[in-house]
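Visitor: Starting off with a structure, shown below.
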Amino acid sequence: MLASLQRELDQRKADGLLRQRRLLDSPQAEHIVANQQPYLSFCSNDYLGLANHPDLIAAMQKAAGDSGVGSGASGLVTGHHRYHDELEQQLARFVELPAALLFSTGYMANIGVLGALVGRGDAIFADKLNHACLNDGGYFSHAEFHRYPHNDVAALEKLLQASTAKHKLIAADAVFSMDGDIAPIPEYLALCEKYDAYLYIDDAHGFGVLGEHGKGSLNHFKIKSPRIIMMATLGKAAGVAGSFVAGEQVVIDYLIQKAKSYVYSTPAPPALSATLSASVKLIEQGDHLRANLQALIQYLKANLKLNKWRLMDSDTTIQPLVVGDNLEALALSEYLQTCGILVPAIRPPTVPVGTARLRISLSATHTMDDMKKLVAAIHQAERELCA
Ligand code: PMP
């Protein structure tokens, strides 16, 4: 087996697909030190720049002092601390849904929720570009798993029409992690009502960024329904780690009993929840951060003038620059690195073959000067690499 593992790794490298970690020597932020070199970074999902906020650091230090650093046991044994409980209530209030449940990561939430809510005889309808953990959740559930073309409401309707499944669940990212576009959530909800289906929305990249006061994608569309269950991670705009699922009380009560990644897993430390409670307050007060983000997004879109590569049509913090070829995407990422700028190259299987790209991720703490440097470096790279 070991020889075949090595062969596969060698092949990945030859194909420009080998993933490599970068060693961070500083806090993660827009200006970082990695492998002992300073960089301007466009790699992080810390969209509001909260990961180093002094209020959150102080909240974590205080809470570690009064609640320790570990949860000790699963939530159903003795691991459900008052800090967890208060955060669940605060999150439910914030997203204006009846109840919420914390999971240790977004990945765990998606696996646990899909695995619990549907099973044999049921069907999941999933966007082809959904995040990998929604696909894994589908496999765990043993429900039929149908994938529809990206954001294609008509194709989804055909699948729903043809389905004889007992329970039907549409599962979609709200903001697509590698494309930055937004799912047609109101149209999905209309289909749910027409075909007696439910909607599971992964708002990993909308929570904190979209909607009034950063309440997320459901608020962005001003929709509400007992048919909707949402998930958001707390490691992106919230700047910390973890995730939550929110929806009707009965859904949350059921997940506490049946979501295996909740039942059989130790919760994140209570101190993390206390930190997140402080973070949710900052998100709510962060309209100025979201305004700055919008200004950065619009600057990039207006000023990046390319011949061969193209910026995808996105108005969110995720601005993908499509290059196409895997090795060319890597070459661009490496070129920018030599200019002191980090932007990750994203290649298949994370994105479809032929659409390798740079994923430019913007944070409210980037400045216009940072944007100017990025735009100038990309223009220069296109001139030199595509000459
Ligand atoms: N859903 C989406 C759309 C994501 O982009 C991610 C993270 N990349 C996750 C879920 C997983 O969340 P977490 O990082 O908290 O496990």
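Placed from the backbone N, Cα and C atoms, the Cβ positions cover glycine too.
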Visitor: The substrate site in TrEMBL includes Arg19, His131. Which of Thr338, Thr350, Thr355, Thr365 is also listed there?
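Guide: Of the residues offered, the record points to Thr350.
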Visitor: Per TrEMBL, which of His142, His146, His205 sits in the pyridoxal 5'-phosphate site along with Gly106, Tyr107, Ser177, Thr233?
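Guide: Among the candidates, TrEMBL records only His205 at this pyridoxal 5'-phosphate site.
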Visitor: How long is the line from the C-alpha of His131 (substrate binding site) to the C-alpha of Gly106 (pyridoxal 5'-phosphate binding site), rounded to the nearest angstrom?
Guide: 10
Visitor: Give the subset of the binding-site residues Gly106, Tyr107, His131, Ser177, Thr350 lying near ligand 1, defined as CB under 6 A from any of its atoms.
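Guide: Gly106, Tyr107, His131, Ser177, in sequence order.
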Visitor: In whole Å, how far does the CA atom of Ser177 (pyridoxal 5'-phosphate binding site) lie from that of Thr350 (substrate binding site)?
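Guide: Spelling it out, the Cα of Ser177 (pyridoxal 5'-phosphate binding site) and the Cα of Thr350 (substrate binding site) are 10 Å apart.
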Visitor: If you measure Gly106 (pyridoxal 5'-phosphate binding site) to Thr350 (substrate binding site) at Cα, how many Å is it?
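Guide: The Cα atom of Gly106 (pyridoxal 5'-phosphate binding site) is 17 Å away from the Cα atom of Thr350 (substrate binding site).
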Visitor: Beyond the listed site residues Gly106, Tyr107, Ser177, His205, Thr233, identify every same-chain residue whose Cβ lies within 8 Å of the center of their Cβ atoms for the pyridoxal 5'-phosphate site.
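Guide: The surrounding set, listed in chain order, is Asn45, His131, Cys133, Asp202, Ala204, Ala232, Gly235, Lys236, Ser243.
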Visitor: Using Cα-Cα distances with a 10 Å cut-off, which of the recorded positions Arg19, Lys236, Thr350 are near His205 (pyridoxal 5'-phosphate binding site)?
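Guide: Within 10 Å of His205 (pyridoxal 5'-phosphate binding site): Lys236.
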Visitor: Max Cα-Cα distance in Å among Gly106, Tyr107, Ser177, His205, Thr233, the residues listed as binding pyridoxal 5'-phosphate?
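Guide: That value is 14 Å for the farthest Cα pair.
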